[in-house]
Amino acid sequence: MVGQLKRCVCAGLPPSEMHEKHRSSLAAPLPPHRRGLSLCLCVGVSVCPVVCVSVCLRLCVHVLVILSPQLQQQTQSQCCCLLLVSEDNHQLFCQVRKRINDHLSFQLMFGRFGQVVEKKRSITLQDVTAEERRQLSSMLGSEVSSLLCVPVVSRATGQVVALACAFNKQGGQSVASVPLLTPTWARTRDPLCSVFLLDQVSHELVAKVFDGGVVSDDEEFRIPADQGIAGHVAMTGQILNIKDAYSHPLFYRGVDDSTGFRTRNILCFPIKDENNEVIGVAELVNKTNGPWFNRFDEDLATAFSIYCGISIAHSLLYKKVHEAQFRSHLANEMMMYHMKVSAEEVAQLLVTGLEPVEEIHPLFAEFTYTPRSLPDDNTPMGILSMFEDMGFINAYKIDLHTLARFCLMVKKGYRDPPYHNWTHAFSVSHFCYLLYKNLGLANYLENLGLANYLENIEIFALFVSCMCHDLDHRGTNNSFQVASQSVLAALYSSEGSVMERHHFAQAIAILNTHGCNIFDKFSRKDYQRMLDLMRDIILATDLAHHLRIFPDLQRMADAGYNPRNQTHRSLLLCLLMTSCDLSDQTKGWKTTRKIAELIYKEFFSQGDLEKAMGNRPSEMMDREKAYIPELQISFMEHIAMPIYKLLSELLPGATELYERVATNRVQWTKVSHKFSVRGLPSNNSLDFLDEEYELLQSQGALGDDSHCDDTHCLNGCLDEGDGGRGL
C-alpha cells in the first residue's frame, strides 16, 4: 500500500491491499460498525511516502499498536519510537517494548518537539540544535546521525496526538527519503484491575474481578459501599483519577505494606445502568506507559463503562430469566404432580374396554341429548367412546393407554368455577361430536394433501381443542386479568386473548407430559400442523375474536363456501368452535335456564372481586344491577342467534339448532314480560330464577316437563300459550 501510494478504507477486517506480513501486527479486527482510514503522507516535495497514518475515527475503542520492529524494518532505522502527547500535563511519553525502571518523559513544548506539535510539521536532524542533539544521543545511548520526527494528527479533533520518530538510518541515507510504517495510538495496559458490583440489599461492593482475576462465588470479596476509593465512586457516581495513591486520603496502604506491592496511581470509574444508576465500580491500578492516567484514559474508561454497564445489565437479566425458568419449571412439576394420573386410574378406565356410544345413552348421538346429564365419573369413558366412534384411534394409531392418560389429565386440568369447568368442556366436545355425526363435517373440511391417515386432521384438531379450550380457567375473563395485573396478563396481554393463550399453553404442557402425547406417531411436520390448528381454534373461543371475523364469515356465507379454500376452512373451524362453545343455548329451556344460573354465579363472583379492588364492574357482572332476562335476550339476539344462523346457511342440517336458540329467546322474553307485569324483583342476584321457575311451575306453565327425570326430559320449553307441555 505504501509503495503504491494508495489509500484504503477499513470496515472491520484488514484491507486486501495490506500485505499479509503486515496484517499480523493489527491488535484485533475493527468491529463491523467501526471504520478506519489508512492513507499515505509525504514530506516536503518528495513523492516518496514517509509515513502511513492509521486514524481511528472513534476514540472509545481499543486502538491498534504497530510494533516498533516493523517500523524499524520499513524505515531501515536503528531505532524507532512513538511519543504519545498528554493533553493534561503537556508531556510526551514513549511506548517501549521492554519495561524500564524510569519513565521516559520530557516537556511537550521543549525544543523542536514542541514545534512539531505546535506547527504540525515534520523535522529532521538538520532542524535540531547541537544541545538538543546531545540530549537525544544521551537518551538513546548512542550517537544520533539522522532523525525524522512526524506528527500524527487526529482527524476527529485536528490535534497532534503522537509523534513518530525514526533515528539513525542504516546506510547513511536520510530517513526522509524512504517510506515509514504507520505509527498509531499506544494501548494503555494496566497490570491490576478490579470490578465490583453494588449489592443494593447489603449495601456492599462485591468483587467479581479482583487484581485481574475472576472471583468465584465461594471466595467473594466484599467491602462496604461507602468506604474507600471504590465506595466513594459508587456513592458519587463520578470518575476518580488519582495520580499519587499514597497522598490520597481515601487510599489504604496497609495492603501494600504487607505485600510489598507499590500502588502508584489509580483510575476508578462507575458502571451505570440504563437509568443512570450505579450498579458497579471498576478500578485500574498503575498505568504502565505513563506516570499516571490521563484524560484520554478517562475518556476510554467512560466509554468502556457504558458497554460494561450494558453487559452487566444483560448478564443480571439473563440470571433473572434463568431463575424465573427454574421457578416456573418447579411450579410446573408441582402442578403436574398433583395432576398426575396413576397407572391404576388408567387401568380402571380401560378395564372393561371401550363402551359403545349406544350403551352410554340411546340418544347420545342426537342433538336432543344433554351431555350434562351424564355422571361426572362416566365422562372420561364418554370421551374415549367418541374418539373411537369418530375413527380417530385407528386413523392416528393412538395408544389406548396414552389416550386414557391424556383424557384424565385434561379432566384434572380444569378448576371448579360454576360454569367454566370440566362439565362445560365435556359438553362442548360432545357438541363437536354431534356436528361430525349429524352434519357430515368431512365433506366440508377436506384433507390437506397429507398422508391418508390425516384426511380428517382438522376435525381431529377441533375435537381435541374442544376438550382443552378452557383448561385452568379461573372463573374470570380477559378484562379482569388485565385490570388486576395478574401473572397471566403479564405473560399474554401484549398478544391479546389472555385466557385463551393460557388455555393453549396448558394443553401443550399436558401433551409434553410423559405418556400423554396422543400425537406421538405424527411426523414433525404433521405435529406442527396439529399444534397450529389447535392454537387457532382455541384462540377463536375469545368472543372478541369472533366479532372481528364475523364480517368475513358473513361474506363467506354469501359467496358460498369453498372447501378447497384454506381461508374458508380456517373461518369455518372458528365458527364451529364458537358454536360448540355456546352449544348449551341449543338445548331445551330447562337446561338453558340452569346454564344461565351457573354463568351469572361466575359473573357475579368476578364483579365482587372487582368491587373489592375499587373498580366498577359491568352491569352483567354486578349482582345488584344485572337484569338477567334482558341480558340473556341481548346475548341471544346479538351473539348466539347470528352464529347459528350462519351455521345453518353453511350447513343446512344445522337449521334445527338455530330454531332451538330462537325458541329459548322467546322463553326469556316471556319470563321478562311476566316479571315486568307482576312487579316481581328483576335484579336481585339469581334468586328470581328459582322464583320464576317455581312460579311458572305452580301455575302449570311448565306442563309435565317439570316432573320429568333430568336424564330423559331435558328439553322442555314453554309453548306459545304458556300452558304447553314439554317437547
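Quick reminder: no glycine exception, Cβ is built from N, Cα and C everywhere.
What TrEMBL annotates here:
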DOMAIN    342-675  domain 'PDEase'
BINDING   His420, Asn421, Trp422, Thr423, His424, Asp470, Asp581, Gln632  AMP binding site
ACT_SITE  His420  active site, proton donor
BINDING   His424, His469, Asp470, Asp581  Zn(2+) 1 binding site
BINDING   Asp470  Zn(2+) 2 binding site
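Where TrEMBL records a feature, it is marked here on the structure.
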| residue | record | DSSP class |
| --- | --- | --- |
| His420 | AMP binding site | coil |
| His469 | Zn(2+) 1 binding site | coil |
| Asp581 | AMP binding site | helix |
| Gln632 | AMP binding site | helix |
**Report entry** Residues that sit under 8 angstroms from Trp422 (AMP binding site) by C-beta distance, when 6+ apart in the chain
**Finding:** Asp376, Thr379, Lys411, Tyr414
Query raised in the report: Quick one: Cα separation, Gln632 (AMP binding site) versus His469 (Zn(2+) 1 binding site), in Å?
Result: 23
**Report entry** Under 8 Å by Cβ from Asn421 (AMP binding site), same chain, sequence gap 6 or more
**Finding:** Tyr414, Arg415, Asp470, His473
**Report entry** Per-residue Cβ crowding (10 Å cut-off), top of binding-site residues Thr423, Gln632
**Finding:** Gln632
Query - Env. residues of Zn(2+) 1 site, Cβ within 8 Å of mean position of His424, His469, Asp470, Asp581 Cβ - result: His420, Ala425, Val428, Cys466, His473, Thr541
Requested in this report: Pop the Cα-Cα gap between His469 (Zn(2+) 1 binding site) and Asp581 (AMP binding site) into the table, whole Å please.
Outcome: 9
Requested in this report: Determine the minimum-neighbour residue: among Asp470, Asp581, listed as binding-site residues, which Cβ has the fewest other Cβ atoms within 10 angstroms?
Outcome: Asp581
Report task. Sorry to bug you, but what's the C-alpha spacing from His469 (Zn(2+) 1 binding site) to Thr423 (AMP binding site), rounded to the closest Å? Result -> 12
Query raised in the report: If you draw a 10 Å sphere around the Cβ of His469 (Zn(2+) 1 binding site), how many other Cβ atoms fall inside it, taking every protein chain shown into account?
Result: 27
Query raised in the report: Mean pLDDT for the domain 'PDEase' (342-675), as a whole number?
Result: 92
Query raised in the report: Near His420 (AMP binding site), how many other Cβ atoms are within 10 Å of its Cβ?
Result: 25
